Amino acid sequence: MKQTIILLYGGRSAEREVSVLSAESVMRAVNYDRFTVKTFFISQSGDFIKTQEFSHAPGQEDRLMTNETIDWDKKVAPSAIYEEGAVVFPVLHGPMGEDGSVQGFLEVLKMPYVGCNILSSSLAMDKITTKRVLESAGIAQVPYVAIVEGDDVTAKIAEVEEKLAYPVFAKPSNMGSSVGISKSENQEELRQALKLAFRYDSRVLVEQGVNAREIEVGLLGNYDVKSTLPGEVVKDVAFYDYDAKYIDNKITMDIPAKISDDVVAVMRQNAETAFRAIGGLGLSRCDFFYTDKGEIFLNELNTMPGFTQWSMYPLLWDNMGISYPELIERLVDLAKESFDKREAHLI
């Protein structure tokens, strides 16, 4: 009997379009000799819509349903995703997806799911909290200033100018895929950048700009985590923003990255240490800055990295000899392992 995968996609965050792209890639990469895939779309308003079911490989013309094509008569209660023995793959990016919200819901339903648990998902989603945890683990971070809604913005800008040097980057603390991030070269630009960032979150991180290469490491495992050789994001733009990543296609990737063996070793060790520090499970992608001075800064941990066919995470593992279909199988097995461990602790 085939294993059922419940594929959740869409979502309420600004990253829902990336989620659809990732979910379509997963849908096509699944080994249908072993799995059946049932899909549920989460609308921007938070409604759950039962969409398609695939018992064999979809054709090239098959597309996952989205806001424009779903049948709203198939709206269901969120709990309708429950199926005994099924494993949920929440291909959801950003708030209300990879921030612990959906993970908590799935634990209430008593369903195994791919990826990090409630705590590690919510922790990694918040850039400010992540920095504080990784600092305690002794992992180098880019200098930063945290700003919370209600703070005196003028005073905080003065703190930024005292502790950091332009250019700086303002980022919503609780957002991914470079949404709401902008670069500032002076005080007026910083004020505008803060306004943009506060549209997406009530907590904002202002980071020192660094002249650096962007290097990424893939992580896979629960309690015995493994890492990939690093890959590098090679940009044709000054700033790797949302449009550059997903719309304009102005990036290429070097896999493996052209860096020394010593730097590779440090990055892999730091990535594994960071994953353990947040209590990671299943998977993550760890992003580093490697400066022209030879400094290595851990930028962020992404607990549900992009899963499109051109995304770094699956390509990193492909370079390690693990194909996209095999990667999905391993993630499903890891989900069942962590579920069994979680249930065993409820004594």
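The backbone N, Cα and C atoms fix where each Cβ goes, and this holds for glycine too.
Summarising the annotation, Swiss-Prot assigns domain 'ATP-grasp' to 131-333 and lists sequence analysis as the type of evidence. Annotated ATP binding site per Swiss-Prot: 161-216, in sequence order, evidence recorded as sequence analysis. The Mg(2+) 1 binding site annotation in Swiss-Prot covers ASP287, GLU300. Feature annotation from Swiss-Prot assigns Mg(2+) 2 binding site to GLU300, ASN302; the stated evidence is sequence analysis.
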* **Rounded mean pLDDT for the residues that make up the domain 'ATP-grasp' (131-333)** => 92
* To do: Sort GLU161 (ATP binding site) into helix, strand or coil using the DSSP assignment.
  => helix
* Between ASP287 (Mg(2+) 1 binding site) and GLU161 (ATP binding site): CA-CA distance (Å) -> 26
* Rounded to the nearest Å, what's the C-alpha distance separating ASP287 (Mg(2+) 1 binding site) and ASN302 (Mg(2+) 2 binding site)? Just drop the number here, would you? => 8
* To do: Quick one: of GLU189, GLU300, which of the binding-site residues has the smallest count of other CB atoms within 10 A?
  => GLU189
* Indicate the candidate from VAL168, VAL210 with the smallest number of other Cβ atoms within 10 Å of its Cβ, considering only these binding-site residues. => VAL210
* Asked: Whole-number Å distance between the CA of ASN302 (Mg(2+) 2 binding site) and the CA of SER182 (ATP binding site)?
  -> 19
* Structure fact -> Integer Å value for the Cα distance linking LEU196 (ATP binding site) with GLU300 (Mg(2+) 1 binding site) is 20
* Which residue, out of the binding-site residues SER182, LEU196, ARG203, ASP287, ASN302, shows the minimum number of other Cβ atoms inside 10 Å of its Cβ in this structure? -> LEU196
* Where LEU196 (ATP binding site) sits in the secondary structure, as DSSP reduces it to three classes -> helix
* **CB contacts for GLU161 (ATP binding site) [other CB atoms within 10 A, all chains]** => 15
* Could you find out if DSSP has GLU189 (ATP binding site) as helix, strand or coil? => helix
* Structure fact -> Rounded Cα distance in angstrom between VAL168 (ATP binding site) and GLU300 (Mg(2+) 1 binding site) is 16
* **SER182 (ATP binding site) to GLU300 (Mg(2+) 1 binding site) - Cα separation in whole Å** => 16
* **Pairwise Cα distance for VAL210 (ATP binding site)/GLU300 (Mg(2+) 1 binding site) [Å, integer]** => 15
